[in-house]
4 protein chains.
Amino acid sequence: MATTSTSNVACDIANIELADLGKKRIEWANQSMKVLQIIRKDFIKNQPLKGFRISACLHVTAETANLMITLRDGGAEAVLCASNPLSTQDDVAASLVRDYGIPVYAIKGEDNDTYYSHIMAALDHKPHITMDDGADLVTIALTKRKDALEHVIAGTEETTTGVIRLRAMAKDGMLKYPIIAVNDADTKHMFDNRYGTGQSTIDGIVRATNFLLAGAKFVVAGYGWCGRGLASRARGLGAEVIVTEIDPTKAIEAVMDGYRVMSMHEAAQLGDVFCTVTGNKSVLRKEHFELMKDGAIISNSGHFNVEIDIPALEKLSSSKRTTRTFVDEYSLKDGRKINLLGEGRLINLASAEGHPPSVMDMSFADQALSLDYLVKHHKTLEKSVFKVPEELDKRVAKLKLESMGVKIDKLTPEQEEYLAGWSEGT
Amino acid sequence: MATTSTSNVACDIANIELADLGKKRIEWANQSMKVLQIIRKDFIKNQPLKGFRISACLHVTAETANLMITLRDGGAEAVLCASNPLSTQDDVAASLVRDYGIPVYAIKGEDNDTYYSHIMAALDHKPHITMDDGADLVTIALTKRKDALEHVIAGTEETTTGVIRLRAMAKDGMLKYPIIAVNDADTKHMFDNRYGTGQSTIDGIVRATNFLLAGAKFVVAGYGWCGRGLASRARGLGAEVIVTEIDPTKAIEAVMDGYRVMSMHEAAQLGDVFCTVTGNKSVLRKEHFELMKDGAIISNSGHFNVEIDIPALEKLSSSKRTTRTFVDEYSLKDGRKINLLGEGRLINLASAEGHPPSVMDMSFADQALSLDYLVKHHKTLEKSVFKVPEELDKRVAKLKLESMGVKIDKLTPEQEEYLAGWSEGT
Amino acid sequence: MATTSTSNVACDIANIELADLGKKRIEWANQSMKVLQIIRKDFIKNQPLKGFRISACLHVTAETANLMITLRDGGAEAVLCASNPLSTQDDVAASLVRDYGIPVYAIKGEDNDTYYSHIMAALDHKPHITMDDGADLVTIALTKRKDALEHVIAGTEETTTGVIRLRAMAKDGMLKYPIIAVNDADTKHMFDNRYGTGQSTIDGIVRATNFLLAGAKFVVAGYGWCGRGLASRARGLGAEVIVTEIDPTKAIEAVMDGYRVMSMHEAAQLGDVFCTVTGNKSVLRKEHFELMKDGAIISNSGHFNVEIDIPALEKLSSSKRTTRTFVDEYSLKDGRKINLLGEGRLINLASAEGHPPSVMDMSFADQALSLDYLVKHHKTLEKSVFKVPEELDKRVAKLKLESMGVKIDKLTPEQEEYLAGWSEGT
Amino acid sequence: MATTSTSNVACDIANIELADLGKKRIEWANQSMKVLQIIRKDFIKNQPLKGFRISACLHVTAETANLMITLRDGGAEAVLCASNPLSTQDDVAASLVRDYGIPVYAIKGEDNDTYYSHIMAALDHKPHITMDDGADLVTIALTKRKDALEHVIAGTEETTTGVIRLRAMAKDGMLKYPIIAVNDADTKHMFDNRYGTGQSTIDGIVRATNFLLAGAKFVVAGYGWCGRGLASRARGLGAEVIVTEIDPTKAIEAVMDGYRVMSMHEAAQLGDVFCTVTGNKSVLRKEHFELMKDGAIISNSGHFNVEIDIPALEKLSSSKRTTRTFVDEYSLKDGRKINLLGEGRLINLASAEGHPPSVMDMSFADQALSLDYLVKHHKTLEKSVFKVPEELDKRVAKLKLESMGVKIDKLTPEQEEYLAGWSEGT
């Protein structure tokens with residue numbers, strides 16, 4: 001890949017001219033990221049990341065931009081590549097390069113080869129720390145680019161999918177340095193995955209289709225944190241929500257939350273709109289496409305675009321055309337049409353802007369504080385996957401509440417004693 | 001105004017080149033407008049509008065396009081102008097002209113002079129029937145363009161705001177022909193105003209801002225059908241909803257629906273996002289701007305852009321800049337910033353695509369059937385404002401249910417007798 | 001019927017000893033009936049009902065007691081009989097007699113003969129005004145007891161069912177005096193029928209069964225105001241709600257509110273709990289019982305106990321036993337069991353306490369103000385069914401808001417002018 | 001305490017005559033406890049508890065009765081005492097003794113001395129296994145009745161409060177045998193604590209007060225599983241819900257769920273109805289009573305009656321009277337009145353019937369399977385607090401789904417492989 005350079009900052013981006021728009025969007029997002037603002041002030045003062053090179057493979061959005069700027073302001077030499085070919089906001093990428101001097105390798109709609117070449121460019125940075133959203137960068141480093149591991153002391157991972165992969169690696173003894181599963185922080189997955197995915201996925205689907213959800217049958221595949229959020233928002237917009245699951249406990253939870261729960265075999269015949277958020281592959285596949293109603297809309301908001309088996313859909317189809325931006329209409333050989341959104345990639349980033357800044361504020365505050373923690377403690381940590389330390393997690397929660405002007409109660413001394421004891425009964 | 005002609009079809013539109021995209025969007029919308037499809041088939045066969053000239057002043061959207069095509073297919077000579085300067089979808093306008101041969105006068109973002117010149121052009125068509133969305137066309141016809149009244153036999157009005165104006169006109173003895181208040185059909189205002197406005201307003205606000213609604217304080221001004229829909233959707237996305245009202249009955253209804261209800265004076269100090277849906281003017285005004293939090297987002301989804309007193313906001317401000325498409329940031333002299341969306345025009349059309357086709361299907365089915373009815377019965381109708389005949393209203397409801405595959409019960413003979421009688425008691 | 005007399009007050013009640021408990025419940029209800037408190041103060045001062053005899057046939061509850069006391073305090077000579085054999089609160093009846101000197105003819109669980117003898121006793125009072133909840137009293141007066149009509153100048157009717165009957169009577173030319181349909185006041189049917197019926201019906205079903213609604217399939221027959229309220233509350237408790245309707249407009253409304261809508265034929269096979277709120281008869285009948293699941297729970301919250309065809313259920317059954325208070329288990333010949341609640345009578349009064357006082361406050365404020373109005377205007381009114389005058393309706397709404405401490409906006413002069421005009425457009 | 005004997009079964013209960021009613025209620029509950037039915041059949045066949053003496057200290061309800069019968073049928077010699085003085089259903093106690101031969105020591109409304117004497121009686125049984133709901137029995141055994149520990153091999157604990165106490169004991173090295181925290185099973189706390197507490201607490205409050213929740217300000221203290229369920233149900237009935245918390249993460253979760261979150265200091269001034277579900281003490285105390293509105297209703301649904309500081313309320317009051325069953329009206333010296341429900345004891349058991357059987361089905365299935373597990377594995381377990389083994393937890397979930405007729409998906413071999421791997425990326 002030819003690494004072009006703009007104003008002496010290495011990069012491979014779509015168009016530096018878009019920087020003006022990108023800068024405004026970065027600033028707009030910053031207004032809702034008040035916890036990160038506080039951390040940034042602290043980082044400017046204390047320079048905790050001074051001298052550390054960071055290679056980040058994250059969705060290149062306005063929110064991520066604010067994280068990168070915070071790391072830079074904390075003393076880090078940070079570079080950024082995309083964690084998904086479709087999720088890059090080209091204007092943001094341009095502004096990061098032009099206005100903030102941060103190298104970026106990401107172009108919206110890049111092909112797979114370019115995608116991986118961008119990861120390679122990020123690894124060329126010889127990072128001390130890796131940051132991942134889906135574990136693609138660490139996977140490349142551990143397999144094809146072991147040379148890049150030389151300086152690495154630690155890493156972070158942002159998403160459920162990535163954490164699952166890392167745990168599998170750790171189990172296989174493949175992991176070469178400690179990684180904090182930022183995803184597993186309460187202030188991350190309970191919020192970002194639920195309220196962020198919930199709103200932004202609906203946003204993505206509605207932008208792509210302008211489809212009325214009120215009265216529609218909306219099938220949510222997966223009732224993890226993302227699925228719970230999505231189901232709740234779809235119902236909030238008036239849809240009749242159907243949930244599919246493989247885990248019996250989550251399935252009953254969905255039942256008791258008042259949703260219809262059934263197998264995908266059954267749901268496939270009923271749904272107007274489908275969205276997968278499972279972290280698994282081929283959740284919608286040939287056997288389901290064969291049952292769907294004419295005009296069904298299918299989409300994915302899980303990390304990878306494997307949740308819908310697109311090759312199988314193509315095989316069933318006689319032709320395909322783009323009817324709206326992000327809507328591909330597949331004409332099946334039996335005459336039915338199925339509308340695939342955003343090429344099966346996470347629809348909230350493909351056709352909308354990803355999670356709103358206010359919720360990414362918490363996730364990225366967890367990221368920033370985790371990096372601070374790793375720099376200080378990496379030597380004592382095993383080559384394994386760790387949770388965000390509870391005190392950091394709670395600190396993010398407290399800062400967020402304060403930024404919202406919400407006051408909560410404190411334990412009285414009497415209450416603290418009561419909770420610590422066991423002798424006081426009926 | 002220079003009426004340009006494209007392929008021999010009179011028009012004043014932004015860019016005929018956009019027609020390809022517009023055509024796809026018209027077809028996409030058509031897929032969800034199954035009641036109108038049925039009526040269209042009937043119109044093609046029976047030609048009820050044969051020989052009638054229709055001047056329609058409606059939002060130029062993909063849904064309206066399908067209505068216009070239905071009227072054309074029913075034999076009408078129909079022309080279309082915009083009912084709002086910001087709501088035109090330029091690609092749809094282009095396709096109507098190029099692909100369907102329907103004259104259109106509408107350009108997204110046109111200034112007020114152009115807006116009115118477009119209405120004039122529509123009146124030059126010498127209509128037999130007027131169609132309005134906000135009563136601008138009929139108002140011009142009744143005041144400045146009385147010549148245009150010569151052939152008019154009847155009209156329709158789409159929206160609450162327009163019906164209020166028409167009733168005021170009728171009261172003043174100004175109305176010169178019968179008009180059906182399509183807005184007042186149950187299958188219109190209970191659906192379009194509630195589910196349509198609800199979803200599309202949220203869509204417009206989220207597209208404009210990417211703001212997280214979960215946990216935000218969302219102020220809905222007005223608890224009519226639109227307000228009820230909007231409040232319900234805002235809550236459905238996790239917002240804490242605050243309602244303001246001037247009508248005590250609607251106010252208690254909002255209270256019992258679990259919303260906070262208060263004066264705008266109080267709400268102005270709390271809200272993160274505001275949206276007006278009142279049909280009234282200056283609902284947000286100087287006294288409220290003075291109380292708002294730094295960063296407050298204000299928007300309107302009522303018909304006219306008078307619900308927010310923008311001149312007053314400008315007077316309070318030292319500067320103004322556009323931070324995102326459809327977001328104008330006003331810097332107040334006291335240092336606070338207020339973000340105005342879509343220049344105060346109906347945000348669901350300004351930054352989103354207006355009501356989804358599935359709900360416009362019912363409203364426009366009411367329009368089409370009302371035109372059919374007016375053509376047949378206009379001679380026996382007074383110069384007043386009428387409701388959509390109940391049998392048409394119910395017919396639309398039945399067709400919609402059928403198109404959704406929903407079956408409902410029928411009265412048994414025994415039940416019919418019971419409901420008609422009064423002797424059977426405890 | 002032997003009219004017994006207690007402390008010189010004519011009555012036929014279960015047990016005067018229960019008066020202590022009844023008095024407390026009347027006082028408890030009074031605390032939440034703040035609008036009625038205000039009206040009562042005014043009535044005490046102005047004595048608008050001085051010299052008028054009132055025969056009221058209403059549910060004998062703590063809320064009704066407060067209305068009767070208000071009428072008495074306004075100068076009326078009022079007597080009360082039950083409007084349903086199962087809805088009487090015997091303790092309240094006792095206290096009305098003993099503590100407030102108001103004659104009452106009502107015993108919870110009375111048989112049909114006693115029920116009608118109580119109505120006769122109320123008519124023996126030679127009323128000037130009749131008050132009905134279901135139109136049983138007026139029906140008897142117009143048929144079997146025409147003598148009782150001698151002094152009658154006007155009446156009121158509380159409920160949808162009664163209004164339907166009265167309109168049928170008026171159509172048949174049977175009505176002999178003007179009646180205000182209190183039910184049709186906005187402050188009545190939009191609140192009492194929705195929020196009152198919603199909560200109290202759920203309360204009745206849960207008290208009778210202790211059945212978990214979360215995850216249960218709850219079938220609501222009828223999507224009028226009562227049905228909307230009930231469906232909303234059932235969903236609010238986690239049920240998957242299924243709605244049946246005969247009206248297509250209401251049916252689509254239910255669809256767009258996110259409920260499943262289907263024929264009762266289909267719903268009968270799915271439901272765990274059924275509740276009818278239609279105002280019609282035989283809504284659940286033989287053909288449905290035959291399809292229900294083993295253990296299905298069926299109930300009614302409509303006015304009369306004809307909504308469930310109990311004779312048909314009995315015919316299908318080989319035996320019947322009471323398994324809990326208000327639960328009759330029917331063993332069908334095919335082995336299935338169906339549980340009928342409260343003998344098919346309105347379950348919110350049979351096994352719970354009827355509408356909470358806070359919502360009856362509005363309905364009964366409408367009643368009291370309507371009586372005041374009728375006494376003043378009856379001479380100018382035709383023998384027909386009237387709405388509550390709008391100014392009374394709004395007055396009740398305003399008083400209710402004030403009692404809740406809720407402040408709302410007032411129109412500015414500029415806004416009033418705007419709403420009255422029509423010339424201000426885009 | 002004098003242990004009376006009925007039909008040769010040791011007991012201390014209110015009234016054996018109530019057994020008929022109790023038997024029906026036990027059978028009614030059994031109909032909704034289908035998982036326990038399956039386990040019972042297995043227990044009857046395999047007799048896993050043959051020869052084990054069990055002393056259970058649980059709420060004596062119809063659902064618990066079905067658990068006790070299951071244990072008996074599995075071969076155990078089980079006795080039962082109450083885990084709360086107000087929660088006993090006397091009719092159920094009578095039937096357990098008379099119809100099922102199970103010794104019961106429990107009388108609804110018993111004083112504290114009797115309460116503890118009943119625990120003593122249960123310990124006199126010389127148990128091999130203890131079952132607790134709040135850890136009162138194990139606490140007595142570990143302190144005042146160490147003799148009773150002689151045969152104990154293991155125990156279970158049902159509730160959050162008890163688990164907190166047991167963990168404190170374990171930390172202090174006090175625990176003498178392994179205990180399974182049944183509460184911590186997913187199929188327990190995610191369901192029973194949320195959907196069970198949610199519905200039954202609302203049920204208890206409404207039965208006690210007949211108060212309209214629509215439009216009321218409902219304050220939920222604590223946003224754990226119980227609080228989440230309660231808040232959701234209160235909103236579902238139309239209340240404006242206010243949440244108080246001490247934990248910042250839970251507090252933001254409540255904010256993002258759309259609730260108002262504030263300190264109790266602030267909430268005390270706004271609330272119409274309060275309910276504590278914290279597991280802590282003095283959550284409502286003097287400083288809050290001093291701020292409450294006249295007529296405020298306060299209640300608790302946490303395990304112990306210490307969440308409301310009743311002595312402080314009494315000190316502030318000049319008098320107290322019972323205005324309805326389970327409603328004590330405290331007249332404060334400043335003239336305000338505060339209504340305390342159910343003496344501050346868990347209101348869902350005091351004035352309603354506790355969790356519905358369908359949800360207890362899962363909790364008690366966990367109990368039964370845990371006992372089976374403990375009997376088989378107690379020798380290898382440390383003297384600590386354990387989770388329910390995951391395979392048991394999932395088994396309960398699967399059985400529950402099956403009993404509801406809900407089908408879910410299974411992983412395909414391809415999916416299993418995908419989830420186990422890490423190499424497949426973007």
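Yeah, the Cβs are placed from backbone N, Cα and C, and that goes for glycine too.
Keep in mind that what you see is a predicted model, and the values were worked out from it rather than measured.
TrEMBL has this to say about the protein:
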{"type": "BINDING", "residues": "B:Thr61, B:Asp133, B:Glu158, B:Lys188, B:Asp192", "note": "substrate binding site"}
{"type": "BINDING", "residues": "B:159-161, B:Asn193, B:222-229, B:Glu245, B:Asn280, B:301-303, B:Asn348, B:His355", "note": "NAD(+) binding site"}
{"type": "DOMAIN", "residues": "B:193-354", "note": "domain 'S-adenosyl-L-homocysteine hydrolase NAD binding'"}
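Within 8 Å of the Cβ centroid of the substrate site, not counting the listed residues B:Thr61, B:Asp133, B:Glu158, B:Lys188, B:Asp192, the chain contributes B:Leu58, B:His59, B:Thr159, B:Val182, B:Asn183, B:His355, B:Met360, B:Ser363, B:Phe364, B:Gln367. Between the farthest pair of Cα atoms in the substrate binding residues (B:Thr61, B:Asp133, B:Glu158, B:Lys188, B:Asp192), the distance is 17 Å. Taken residue by residue with DSSP, B:Gly302 (NAD(+) binding site) is part of neither helix nor strand, so it is coil. Less than 8 angstroms from a Cβ of chain C: among the binding-site residues B:Thr159, B:Lys188, B:Asp192, B:Glu245, that describes B:Glu245. Residue density at B:Gly302 (NAD(+) binding site): 29 other Cβ atoms are found within 10 A of its Cβ, drawing on all protein chains shown. Annotation: B:Glu158 carries the greatest number of neighbouring Cβ atoms among the binding-site residues B:Asp133, B:Glu158 [cut-off 10 Å, Cβ to Cβ]. Take the Cα of B:Asp192 (substrate binding site) and measure to each of the binding-site residues B:Thr159, B:Glu245, B:Gly302, B:His355: the nearest one is B:His355. Counting only same-chain residues at least 6 apart in sequence, those with a Cβ under 8 Å from the Cβ of B:Thr159 (NAD(+) binding site) are B:Asp133, B:Gly134, B:Asn183, B:His303.
When the alpha carbons of B:Gly302 (NAD(+) binding site) and B:Thr61 (substrate binding site) are compared, the span between them is 17 angstrom. Distance from the CA of B:Lys188 (substrate binding site) to the CA of B:Gly227 (NAD(+) binding site) is 15 Å. Between the C-alpha atoms of B:Gly224 (NAD(+) binding site) and B:Glu158 (substrate binding site), the distance comes to 16 Å.
When the binding-site residues B:Asn193, B:Glu245, B:His355 are ranked by how far their Cα is from the Cα of B:Glu158 (substrate binding site), B:Asn193 comes first. Neighbours of B:Thr61 (substrate binding site) among the binding-site residues B:Asn193, B:Glu245, B:His355, defined as a Cα within 10 Å of its Cα, are B:His355.
Counting only same-chain residues at least 6 apart in sequence, those with a Cβ under 8 Å from the Cβ of B:Lys188 (substrate binding site) are B:Glu158, B:Val182, B:Met362, B:Ser363, B:Asp366, B:Val388.
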